[in-house]
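Engineer: As listed in TrEMBL for this protein:
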{"type": "REPEAT", "residues": "416-457", "note": "repeat 'WD'"}
{"type": "REPEAT", "residues": "459-500", "note": "repeat 'WD'"}
{"type": "REPEAT", "residues": "502-543", "note": "repeat 'WD'"}
{"type": "REPEAT", "residues": "545-586", "note": "repeat 'WD'"}
{"type": "REPEAT", "residues": "631-672", "note": "repeat 'WD'"}
{"type": "REPEAT", "residues": "674-715", "note": "repeat 'WD'"}
{"type": "REPEAT", "residues": "717-758", "note": "repeat 'WD'"}
{"type": "REPEAT", "residues": "760-801", "note": "repeat 'WD'"}
{"type": "REPEAT", "residues": "803-844", "note": "repeat 'WD'"}
{"type": "REPEAT", "residues": "846-887", "note": "repeat 'WD'"}
{"type": "REPEAT", "residues": "900-932", "note": "repeat 'WD'"}
{"type": "REPEAT", "residues": "934-967", "note": "repeat 'WD'"}
């Protein structure tokens, strides 16, 4: 059975059939009119019906409108019936416009001026309304009663659909679009009923503002508590229908009216005062906060880079960036969005009214050009900005595409699921409505950027991985390049092949793109060349561009189409003349590894490049010299870079699982180099007096930090040529011992940061762990070479022959508290105890773990050894018997890593850290968790340690930070009675979700922060965050307006001094011991 359908056009039907149908239609209609039917009952049908059908031609709308006019309630039907036929010869020659003219002329006949004005206003609103409005809404917008609205439209029943009496919530509408065309025609300007569209929109806009000014107020939403979402409020939220319309339509009316001086003045007052916030409240109620930023951005674009245009853009950005709290729980417009905005607001940005009794945020940005990091969780192979620079998309190693807010880093759309391999390339369509993606699964996909749903079926045809995709400038085509040595062009509407480029002869195609005029396609390939092809001839436009000495990984046209840039595995960037194919300058050199991605700035003056050397570089496109200092921060290969279309930012995606945004316009100084490590923190340790913390990092440095302030005590210690795997203070606190992947151990003077001995050499592979004896006279080390070594701490010489016995890498070593024994843990799944004097095993091997033993430590009394393993458990062993005394401790969901097990000073608790990113405290006697895990690190936890007094713990992580956590009073820590900041509360009082919401143990909504701030948030129990991360502290001293008292945030604190402020509803979590 055929599924094809043929379009049916009325004018193609036989005229006799149409005439018969219209005659039947009129016959049935007039039969139902009692007055006419009784007049002509004896000779039905009257000849007038035949004449009316004849004069209607083949237009049902003429017949229908004529019937409605004749039978409308404000006239004598029989008289109109007869009169209409007598003058219908004009209708036959001039069409429906004449019919409309007659209807409106009669409607306006004999009206007083004020009556005519009301009818005209009603018509103007009917024409301009952005959606059908009810009788009630017409009355509100026109400033009159519903009775007057009905009276105004009474004579227009034949062209306007009016609800029955009493149904004032039903909508008014026109019967046919031709009425709109007629009444707005330029030829009608002399008629009383003519509607000039721009003037009508201006009137409707004025009506919208009149309603908003009358009804908008603080608390307009009706929300009763800040602890609940909009949906969970005690009473459902609602606003009047006329206010809902005014709030969601005024912008279009202003735009269509023309943003003249009057409206610019009106807009300036609107966004500069409190009413804009009340407007956002109302939009939250009607679930349309996105209208705020969409319309403000549209208006800003119309006004351009003027003061008002920038102000509108700023307010739109505010609504956009804080859409989550405003939409989810409207009180948090004031309790969360505004405090967050105040914490990051720049001096020249929009200023909002201040509110009292709300949290105060102390946000410390990174400083320098790095303004945002998004942790994707997987390698990011491709990044692209949206055309308006407000969003960016990523293609990731987990086979998905995501869209993020470019200012906050919050994912706003996605993930886009469908690919079955890594997503290697993403591109926005020129209008931002679609995204194209290419994948290792050999397919190209086109997605709806709003819904994350496929816009087309997968585009199949490539026989190997797709490396690159791009849209044509007009959005009609998608180009793709593949390792199958082909370039394909697809119709973006149908998904079908658009051009035959089978004549291309090349190697694997690594990068493709269109020229700005859409005629040419450029591609770079593994044959070391760049090629340009003409889509009109499907032939090469020029000979291949030669010069690179290794594969070309990335190519792009300049915005004017006159130049081409290419990046290559040969570590260079080249710029070519697009007309001749010749180089326009010497190669740009500076990268020390493959150049994986290149792009021109929107004005063509600069080029950005990303490299496997982990850096991003911005170059002067004319000179080939670096235009800015190298952007460093990525810890692995940079796969993709792009300029924002507004030229203000660069984005980079990396194998290190992060996306970074860089500010090209900031003059802010870079952050202090001593503020944190640039690589994973592998090891942390407290000084004996607890004043300092030492850290060893993958960045090859040793850091020493003030434990109270988190500030560097000294510049980083440099000297190791490999990752610093382990660090420890000497018992007198004067020295630090470090072990490194460079196979050496070093001893440093704490005060000077200088080494006091030559490096200890002897291990055949990297040093994994070091420890110092309680008397400070010996140092023990473990290594990937399977041995344990003991060294004289004063000379750096071996004190004994290597301890052998382990059959795989030694991951961890530790001294007993009396200094007589050493314990070691190994990848051979065992732990061993050795005699320090003889180097012989005294006990073991301890067997019980089913995977690597990563971490070992003696209890303070020496009676037990704790071990942590890749089997995700901790075991406690009796050092007298070698048997398991307690355990296994189960709870971690990933490996327990090296240096990630520690005893508390009193021996009652064990601390552990894991690849699951949690720190846990266990009761030694029971093997049970003492309380809920500490969360906050964003990557594997590599090392944990108790402070000497047991009041806090420190952790080091692959996320490059050191964190200091305050322990609950139940574990012996001193508890402060005053909690001026969130982090001064015990850990676990407040949870922070991935969605940015802070909740107490009852699940109440306390506050929202941008999720990108989570890594640097001082949560409950966090004393310090040491690292190159933006940090946020939440001050609660004045945060007394919350819950049912949230509406008091508008009041001055001095207005009612008798009302005592109530602190956040925070209760301490249950201790499980």
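Quick reminder: no glycine exception, Cβ is built from N, Cα and C everywhere.
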Engineer: Which residues of the same chain, at least 6 past either end of the repeat 'WD' (900-932), have a Cβ under 8 Å from a Cβ in it?
Structural biologist: 854-861, 864, 866-868, 872, 874, 876, 886-889, 891-894, 938-946, 948-950, 953, 955, 957, 965, 967-968, 970-972, 987-988, 1069-1073
Engineer: State the residues, same chain only, that lie 6 or more residues beyond the ends of the repeat 'WD' (502-543) and have a CB under 8 A from a CB inside it; answer 'none' if no residue qualifies.
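Structural biologist: Beyond its ends, the repeat 'WD' (502-543) has Cβ neighbours at 464, 467-474, 477, 479-487, 489, 549-557, 559-561, 564, 566, 568, 570, 576, 578, 580-581.
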Engineer: Please report, as numbers and ranges, the same-chain residues at least 6 past the borders of the repeat 'WD' (631-672) whose CB is under 8 Å from any CB of it.
Structural biologist: 366-389, 392, 394, 404, 406, 409, 593, 596-603, 606, 608-612, 614-618, 678-680, 698, 712, 960, 1028
Engineer: So, by DSSP, how many helix, strand and coil residues make up the repeat 'WD' (631-672)?
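Structural biologist: The repeat 'WD' (631-672) comes out at 0 helix, 19 strand, 23 coil.
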Engineer: Determine the mean pLDDT over the repeat 'WD' (674-715), rounding to the nearest whole number.
Structural biologist: 93
Engineer: How does the repeat 'WD' (459-500) divide up by DSSP, counting helix, then strand, then coil residues?
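Structural biologist: Tallied per class, the repeat 'WD' (459-500) gives 0 helix, 21 strand, 21 coil.
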